[in-house]
Amino acid sequence: MTAATEQKEKTGTDNVGRVVRVTGPVVDVEFPRGSVPELFNALHAEISYKDLAKTLTLEVAQHLGDSLVRCISMQPTDGLVRGVDVTDTGASISVPVGEGVKGHVFNALGACLDDPGYGKDFEKWSIHRKPPAFDELEPRTEMLETGLKVVDLLTPYVRGGKIALFGGAGVGKTVLIQEMINRIARNFGGTSVFAGVGERTREGNDLWVELADANVLKDTALVFGQMDEPPGTRMRVALSALTMAEYFRDEKQQDVLLFIDNIFRFTQAGSEVSTLLGRMPSAVGYQPTLADEMGELQERITSTRGRSITSMQAVYVPADDYTDPAPATTFAHLDATTELSRSVFSKGIFPAVDPLASSSTILDPSVVGDEHYRVAQEVIRILQRYKDLQDIIAILGIDELAEEDKQLVQRARRIERFLSQNMMAAEQFTGQPGSTVPLKETIEAFDKLSKGDFDHLPEQAFFLIGGLEDLQRKAESMGAKMDDGGSDGAPPPSDSKDKGKGDSKADDKGDDADKDA
């Protein structure tokens, strides 16, 4: 039995072509006249390489004319030669959906990686789907409470919205995504789908182990197309994961969280594919279809009536340049941005969120309420004033400031440290259990802090803790009491003592101590 005959039995189609050209992951296939497959159709080729037989999946990307189609391979093309039979499946790439995908790892083609053969009999959906119609969308705006102080207070997330974690390499984007998976599963019992797009294989394995240890793997489906995969796979893996999430939203009426790490790699893979297809590059070498490809993905991530897909996307910023077309194009689709800063990271404050650079469309009294909005704006005002004073402190020293500004600086430093929090994803490294702080307690704590009720407490007492109970416990362990001070204004003498004129690092001397706390 020939390979073409076997494929006919598997796919139910007799539309068979042959390979005429192979250039890396780009494969040109010739079909009989009048039988050219449609764009995005999946094609199968049976090949043998070094005594290993495998089925290669190709996706039709271009019609070249004269019954020729140009395809992108989803796997390495080692062993593929001219003349090999290629069968049109008559449909696009599809992936398994349903409750059975939870607790398992899949690739972009829907093959189970942790249990080969698993899921073959599942219902399958095409990865190329239309977004919900306008009249199906949920008009209501609702906040998603995470239990992370800095997020809930200053950059509240939208249920059913799109949230981005911006940052350069090594500032904690993946750790924060792992933290959110833990929190959603433990605190809300929600379904999560994770898309590993072009990131390190080691990180995928670590995530698998951590989710299993935290007993949340049973509520999570993982789809990986890591950085060693061909660009076609890296470009499609986000769509495969999104399709699984859409099933839970549309068929099971569930709220779903979709995590994408890293959306920049999706753009990068699209750029590689565009170059391979011979398209003229656009700005900074990116593909001319960048905005279109991003829109096709992002428009499917939305809330329909009564259920939602909330997406959290890590965005690598090349060379920390936010004007780069990849992160700039992503901005247009977002409801909230959480920027992870290298300067905050260097102070040992985790999560390393820059509260002044991060934003949310729902930080508005009509959504979060007057009290939340007032406290958030006061915290931002104090931190912004502290930032404005940095140059003066660096040149003249803190002693040259007015008394009111000295007090504000000390208060801002306490706010900075109180925005840090011990995280569940870091328990094995810190030895401290992760903390979840209710929104009401977060607002109350920062309201008191911004009014000066805690000015008498040492800065280190605010570092990497949860709520007010943790603050009281840590302050008492350092010999201070919560009710010893008030808002009378005088900053603790130890904070400004010996900070002389011209000391360029006067306001950051506590940072090293924080790291050791």
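Note that Cβ sites are derived from N, Cα and C of the backbone, with glycine treated the same way.
Here G167 (ATP binding site) comes close to K173, A314, V315, Y316, V317, E339, L340, S341, R342, A352: these same-chain residues lie at least six apart in sequence, with C-beta atoms under 8 angstroms from its C-beta. Annotation source Swiss-Prot lists ATP binding site at G167, G168, A169, G170, V171, G172, K173, T174, citing sequence analysis.
Here Swiss-Prot flags 475-484 (among others) as compositional bias 'Basic and acidic residues'. Taking Cβ pairs closer than 8 Å, the compositional bias 'Basic and acidic residues' (475-484) reaches residues 454, 456-458, 460-461 in its own chain, all 6 or more past its ends.
The feature region 'Disordered' is assigned by Swiss-Prot to 475-517.
Residues annotated as compositional bias 'Basic and acidic residues' in Swiss-Prot: 495-508 (among others).
Fewest other C-beta atoms within 10 Å: among the binding-site residues A169, V171, that description fits A169.
Taken residue by residue with DSSP, T174 (ATP binding site) is part of a helix. Residue counts for the compositional bias 'Basic and acidic residues' (475-484) under DSSP, helix first, then strand, then coil, are 6 helix, 0 strand, 4 coil. Residues within less than 8 Å, Cβ to Cβ, of G168 (ATP binding site) and separated from it by at least 6 positions along the same chain comprise Y316, V317, A319, D320, R342.
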